[in-house]
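Remarks on the structure that follows.
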Amino acid sequence: MLSRKGLVPDDYLLTRLAEDVQQPKFKGKARKARFVAKNGTCNVAHTNIREQGRFLQDVFTTLVDLKWLHTLIIFTMSFLCSWLLFAMAWWLIAFAHGDLDQKSDDFVPCVTDIHSFSSAFLFSIEVQVTIGFGGRMVTEECLSAIVVLIIQNIVGLLINAIMLGCIFMKTAQANRRAETLIFSKHAVISIRNNRLCFMIRLGDLRKSMIISATVRMQVVRRSTTPEGEVVPLDQIDIHMDNPVGTNGIFLVAPLIICHIINKDSPLYELSPADLQKNDIEVIVVLEGVVETTGITTQARTSYLSEEILWGQRFVPTITEEEGTYAVDYSKFGNAIRVPTPSCSAKKLDEDGGIARFKLHEHSTPRPSVRRRIKRQSTISPLA
């Protein structure tokens, strides 16, 4: 598989392989816990749930959400218990009718060839899974036997439908498709189209497409309302730059998702220093319909303050080779440094915007140029 460790570069993040993600180790100030892990799992523990019976009202979803070991145990026990239950019913019918101790040759039993509980258990299996070896069969002597036969067939069909449907849904879960949806390990902030922008890169390793793919971003941070209420997980939507006015994307090749940091952005007042001091988390959610199965899938990741690189941009990954577009995934997460204001977007707008910054950049010699001028000024004219 492409989504296994060692077969894909380390420059991007697989959304579902938690073992491939090394959490950063912080020194000094303790950082806040992630709300969404890098692999997309939500770091939320539900405690003190009193109404546990609500989970039993939706048994199918509960079975699908269980671990594979628990599901297989329930799958096996459901069949074993039904076989044993109806084996007991068949044995009681045979015992009540006297089939277990029949002696005369003209005696007509309710079920032929049932002499013990073992034979009743084997007959129960034959009825429910419709094996029909031919040695045992229900006669028309007992009405109770015919009723039990009908009930066991109906119960067997229900168990087959529920358990096989559960196994199918677990194998076809949408999060399996998300293993090949990848995000860059870092986000970047730099100038794009004369605006200060927050950018991430995402891609799809499979050739089958994600139909109607949409991307949403949120900033999660601790905030306090004017009334003094503390909101530990304040979720603020981030609007993305899209010329058609929606968040829909055509995910055939890796794309750079861009958010313009303007007055409506929660990042508007943050400078590089403020970004490292504030405990913020940017959550990215990619949703779409799997082309091959028609199931809606979702991939998630998040970026903490130290995972946002200020003054960098992603390098191109797509080249045209012999009439086709080739994607080099070894460059997926690579970023290069570019001239970027070291102030917040708010401060940049107050100082004249990007045009003022570019004018100042062109008028200020680069460090290499300044060193060359300094060396030339130290050379004696007689030399």
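Placement of Cβ uses the backbone N, Cα and C atoms for every residue, glycine included.
Annotated domain 'Potassium channel inwardly rectifying transmembrane' per TrEMBL: 36-173, in sequence order. According to TrEMBL, the transmembrane segment annotation covers 72-93, 143-168. The domain 'Inward rectifier potassium channel C-terminal' feature in TrEMBL is assigned to 181-350. What TrEMBL records for 363-383 is region 'Disordered'.
Using DSSP to sort the residues of the domain 'Potassium channel inwardly rectifying transmembrane' (36-173) gives these counts of helix, strand and coil: 82 helix, 4 strand, 52 coil.
Taken together, the residues in the domain 'Inward rectifier potassium channel C-terminal' (181-350) have a mean pLDDT of 86 on the 0 to 100 scale.
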